[in-house]
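Below is one structure, written out as structure tokens, with a few remarks after it.
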Amino acid sequence: MTAAASTSEDPGLWKTLTARPAVLVALVVFGAILAAAILAPWIAPADPARMSVRARLSPPLGDYIFGADAFGRDVLSRLLFAGRVSLSIGLGVAVLSTALGIVIGLAAGFFRRLDAPLSRLIDAMMAFPDILLAIALVAILGGSAANVVLALSIVYTPRIARIVRAATLVIRELPYVEAARALGSSNLSIMVWHVLPNIVSPITVQATFIFAYAMLAEAGLSFLGVGVDPSIPTWGTMVNEGRQYIDQALYLILFPGIAISLAVLSLQLIGDGLRDALDPRLAKDV
Amino acid sequence: MSEAPILEVAKLSVAFRSRGRAVTALRDVSFAIEAGKTLALVGESGSGKSVTSLALLGLLPPNGKVTSGRASYRARSGDSLDLAGLSQRDFRKIRGSEIAMIFQEPMSSLNPLYSIGDQIGEMLDLHENLDGATRRRRVIEMLEMVEIPAAASRLGNYPHEMSGGMRQRVMIALALVCAPQLLIADEPTTALDVTVQAQILDLMRRLQRDMGMSILFITHDMGVVAEMADDVAVMYAGAVVEAASVKTLFANPAHPYTRGLLASIPRPGRPEGERLKAIPGQVPPLTALPRGCAFAPRCDLALTACEEPVSLETVAAGHRAACIRASEVMADA
């Protein structure tokens, strides 16, 4: 046997990912949304909180490109600033639920004694409809942005934990893990050194999806009025506020609605692309 | 040898709990390994060779347990440790540094995600506290010791870039980099080509001489035993049925099973056209062992007395066998 297998150059994750047009478009769209949100303070045409009685419900393509809301606030500026909050919440949930999920999943997969109780807990949490559990948690914790992140992280942690547990159960039994144990590796070093690197791919993919779900759930919570404080613009609160004027000013829910859809759709496509690119079994022309 | 053996296993028994029933996998296994020597543990699949090695390192699966016996290991510090009753914490301290183990599958015993330099370095990190340069030097030295050409340039190689023989060399490097006193080798050459097998055995012998370690060599290959071992313990259905030095065992087997094993391997000078002798029947399942000698149902010398339990008895100086007709078997040879 020689090193022939490795002579064909690995095309690299980025190349594989961008080879698919849908994923490439999604990356561009999401990149644009992200850039717009980050640059909001510099590119927003107006102060998102400044009200004007005269501009009340003025339609798009007039003085205000995306129109003005019921308080005469510039919709475009609000959209840009709301994006910062919505994306931050999505990212926060993705990061926090991944961290929690890794810890719980590793513990359940590694220590047989913890497996049954932790797995039942995960099952029980997954049996609840996401949005109901989130509403209940926000109701208990109170409606700040941080609490919404916490509540949604708790809701999505089981998804990561399940994947991590399943992968850990498989990897734990691999010969090289047994060999490592026979040569003195501790449980912790086996987890960090052998198990974690093996599950980076499925976790990354799932975290991307959770990012999208969390943004959608945040919008849902805000729309239902149990999300973040209404004074903080998020895409969800914008839809909620616009709902009352749906017969006079459809654009009030149209633009934040489009923003949510584009962000979630592009993230989902990126997640799909990542899954395909990271899974060697789905890799084409190898 | 005037020195006490490095490892002395005495009446070690291991049981597995399976569906509420306890199945005895090892029954009163006893053997000793002298310092710097090699003991081969020989037997068919399922005879308990691997269970013995796992028990000695505290690696039995959760449903397996040492039920009785001792395994006195003489640590580097001079203390005697009983491996049969050690805590996982204490086991972790001796694994790799005092006793190391290599496995049958060099293809899958290395983590595909790390370069070989990193994997050997990780071993050093586990047991010794070294600075970067010393660590690197030790890794290269070790790779040179296992005769990997251009060792320094191969640190960044990944397991998939290497052949089976090379990987087993890396595995050996991994096991020996912390200079253990005892190496447990569980069929380390079974998965390799015959020519590579010979190279690896040569290498192990040389490393043993250079480092002065003892080896517990687990195999089912009598040819490998003849080449590697100083002493042999033959296992059958979870018990040692014969133990002697290699010379004695090959020249004058005392147990019908050992004789059967030796008769079933081809030897040069065998009359042309003569068929190899196979041992009829198969190993009884551990759940249904006879009360007496486990080999009796397959043995052509079996008597009614073989239905009574039999134990390992000394049949000659340094030669023990568990057979009531051992003297006849020896005289026959």
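In case you wondered, yes, glycine gets a Cβ from its N, Cα and C as well.
Remember, TrEMBL labels are computer predictions, not curated facts.
Taken from TrEMBL, the feature domain 'ABC transmembrane type-1' covers A:87-271. Taken from TrEMBL, the feature transmembrane segment applies to A:22-44, A:87-111, A:131-155, A:208-228, A:249-270.
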Candidate ranges A:22-44, A:131-155, A:208-228, A:249-270 - greatest C-beta contact count to the transmembrane segment (A:87-111) (under 8 angstroms): A:208-228
Most Cβ pairs under 8 Å with the transmembrane segment (A:208-228), selected from A:22-44, A:131-155, A:249-270: A:131-155
Distal contacts, the transmembrane segment (A:131-155) - CB-CB under 8 A, six or more residues away: 85, 88-89, 92-93, 96-97, 100, 125, 214, 217-218, 220-221, 224, 226-229, 232
Chain residues outside the transmembrane segment (A:22-44) and at least six past its termini with a C-beta under 8 angstroms from it: 74, 76-77, 80-81, 83-84, 87, 259, 262-263, 265-270, 272-273
